[in-house]
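Novice: Take this structure, written in structure tokens, and hold onto it; I'll ask about it next.
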Amino acid sequence: MGGHGSREPETGWSTVNEYFASYAVVAALLAAGVAVFAGALLASRLLRPDRPTPEKLTTYECGVDPVGEGWAQSQIRYYVYTYLYVVFAVDAVFLFPWATVFAAPGFGMTTLVEMFVFLAFIGLGILYAWRKRVLTWT
Amino acid sequence: MIQSIDYAAIASPLVLALMAGVVLLLDAFLPRTGRTRTTLGLVTLAGVLAALAVPAVQALSGARLRTFCVPAGLSRDPGPPPCSFVVDHLTLVFGAVALAAGVVVVLLSMAQLAESTIPPGEWYFLLLCTLAGAVTLPASRDLIMLVIALELVSLPVFALAALKRYDARGSEAALKMFLVSVVSTAVMLFGVSLLYGLTGSVHLSAIAARLAAAPVAPGASVPPAVPVGVLTVAVVLVLAGFAFKIAAVPFHFWAGDVYQGAPVPVAALLSVISKAAGFAGLILVLTTALAGQARLWGPVVAVLAALTMTAGNLLALRQRHAVRLLAWSSVAQSGYILAPLGVAGKQAVPASVAYLVIYAAMNIGAFAVVAAVSREGGRNELDDYRGLAFRAPVPALALAFFLVCLAGLPPGLSGMFAKIVVFREIVAGGAGWLAVVMAVNTVIALYYYIAWTARLFTPASAPAPSSASGPAASALTIAITLGLVASVAFSVAPQLVLSIAG
């Protein structure tokens, strides 16, 4: 088959295989990461002396004795704050690439206004949250 | 580099989006009183009516508007650059159906909110967001816009279903729908990414051109550039995503619990607006992007249609709850709408659209009557409808007409014409087996529609509860009247629908 000079017919599956082969780097990086992490823990285990006492076996919590159970209720208000944070985080994802191009030739005023339209919609959400007294703690 | 925006083309979703913002602000700044509730309802109603005027004007002017086009310098293909937002015949029909049904849903909401603890501002805001998505979806002509519009239709509905707080059934409905929807969206996104990877474009017309340039014929002498196997996987995954939205088998099981658990206006919204949006997306992807691959998806859709109508009807047979019965019957109706697409003939899309328009009128009407009866208290079981014709003659006669229409019997001629159009298309397409399945299903469906209709006219043994009055009742009366007028008009002059659908 490969002996004559003509090009091999390109089948669909070979394209797909090439595509997935490009992910080999990701797999290698993942494997290296796991190896370094596991290696460090293993090396520490092999080198350190091991004399456990009940105090040493308690959960580490900032150097103080832990209080209560692991399943502790936290204030529901943190949930809303997390949401608001996510809004701004996503907002920044759009703002950074925009900031690099809006002054470039071919963009200009329309691009500037478009982003402020987007920000106005987010502002609407903040205004609503403020009026519904989400932003006050008590 | 910048896409030009034609504001006349996007006026309808723009009005809805701005009104959603206005409603949210009004709710935040007006005092929480009964009058605010009514005001918010009326503002929403005005917004939907204004948005409905836009497709009417666009249809009269007859212009084919396109916007969000790829700038001429950046288009890689010869010919006119592809556009993401196109207002054509299909867009106008689907937009008008969604908004007309939206008017009825807003009226039902006004009655629902008048006497419950549901927060009105959030309710109307979410409702307008869903409608904006339902209007954007039929105009979308690229995959990204389609997915985003579809999400805009679905996401607010979860919250709407759960807004009745401290109601276990409502929360269960919302969670169930959320989980199924998220999974189906993920599945569809995978299919969409495969389509994009295979063709290198997200615009439906560009995808069609790319696929047409590479014929998918197994065993052809020239090896195809687009692998048939991967294309088949992509088509099936995209189909699965839309099958969830229209509650087609095997993604139908959420329908019963969600329709019953959610407030009645949300069930009406799911069964008409959300379903119309799903069909719009399905029709766009199948007949625009994958038009040349009909041999690939045709048989799959035909089998889905047969399974959907059969499963829906068999499940509806055993129901004793009115909303559950309508839920499964609307699954069955989805099967009838899918059937013409399965044979993929030339007139398949007009046949499906005609059935959908007629279905929308009769189903939203039936939900309006169910909403009215659910206000009487009781659990909205079929037995609560016993003797309704003597207690409330007008809603009872209207419901009888809607049910007869859904069954497809005279005098409900609109339902019969819809079925005839679909039958004609299936038989012309040569799918005799599908026509037989549909005929058997129509007979099965007769049983539960007629059994419900008969209950309306049997005398009730229990004393009749006092009928309510006030603004809520008048909103419901208007909603029922709108559904009735549309259904009667389609029965008397079916050519209205058949001409606009073609």
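Residue numbers in this text run from 1 along the chain shown.
Every residue, even glycine, has its Cβ placed from backbone N, Cα and C.
TrEMBL: automatically predicted annotations, no manual curation.
This is the feature table in TrEMBL:
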TRANSMEM  B:6-26  transmembrane segment
TRANSMEM  B:38-57  transmembrane segment
TRANSMEM  B:90-111  transmembrane segment
TRANSMEM  B:123-139  transmembrane segment
DOMAIN    B:140-444  domain 'NADH:quinone oxidoreductase/Mrp antiporter transmembrane'
TRANSMEM  B:145-163  transmembrane segment
TRANSMEM  B:175-196  transmembrane segment
TRANSMEM  B:228-254  transmembrane segment
TRANSMEM  B:266-290  transmembrane segment
TRANSMEM  B:296-317  transmembrane segment
TRANSMEM  B:353-374  transmembrane segment
TRANSMEM  B:426-450  transmembrane segment
TRANSMEM  B:470-493  transmembrane segment
Novice: Given a Cβ distance threshold of under 8 angstroms, which distant residues of the chain, six or more beyond its ends, lie next to the transmembrane segment (B:175-196)?
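Specialist: Distant contacts of the transmembrane segment (B:175-196): 143, 147, 150-151, 154, 157-158, 161-162, 202, 207, 230-231, 233-245, 251, 254, 257-258, 261, 289.
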Novice: Select the range from B:90-111, B:145-163, B:296-317, B:353-374, B:470-493 that forms the most Cβ-Cβ pairs under 8 Å with the transmembrane segment (B:266-290).
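Specialist: The stretch I would name here is B:90-111.
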Novice: Flag the pair the transmembrane segment (B:353-374) / the transmembrane segment (B:470-493) as in contact if three or more Cβ pairs fall under 8 Å (sequence separation 6 or more).
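Specialist: They are in contact.
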Novice: Taking the transmembrane segment (B:296-317) as reference, which of B:123-139, B:228-254, B:470-493 has the most Cβ pairs under 8 angstroms?
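Specialist: Ranking B:123-139, B:228-254, B:470-493 by Cβ pairs under 8 Å to the transmembrane segment (B:296-317) puts B:228-254 first.
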Novice: Six or more residues beyond either end and a Cβ under 8 Å away: which residues meet both conditions relative to the transmembrane segment (B:123-139)?
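Specialist: For the transmembrane segment (B:123-139), the list is 9-10, 12-13, 16-17, 19-20, 23-24, 27, 40-41, 43-44, 47-48, 51, 85-87, 90-91, 93-95, 98-99, 102, 105-106, 109, 113, 145-146, 149-157, 159-160, 163, 269, 273-274, 276-277, 280-281, 284.
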Novice: The transmembrane segment (B:228-254): which same-chain residues, six or more beyond its ends, come within Cβ distance under 8 Å?
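Specialist: Same-chain residues near the transmembrane segment (B:228-254) but 6 or more away: 150, 153-154, 176-177, 180-181, 184-185, 187-192, 194-195, 198, 211, 216, 218, 274-275, 277-279, 281-282, 285, 290, 293, 296-297, 300-301, 304-305, 307-308, 311-312, 330-331, 334-335, 337-338.
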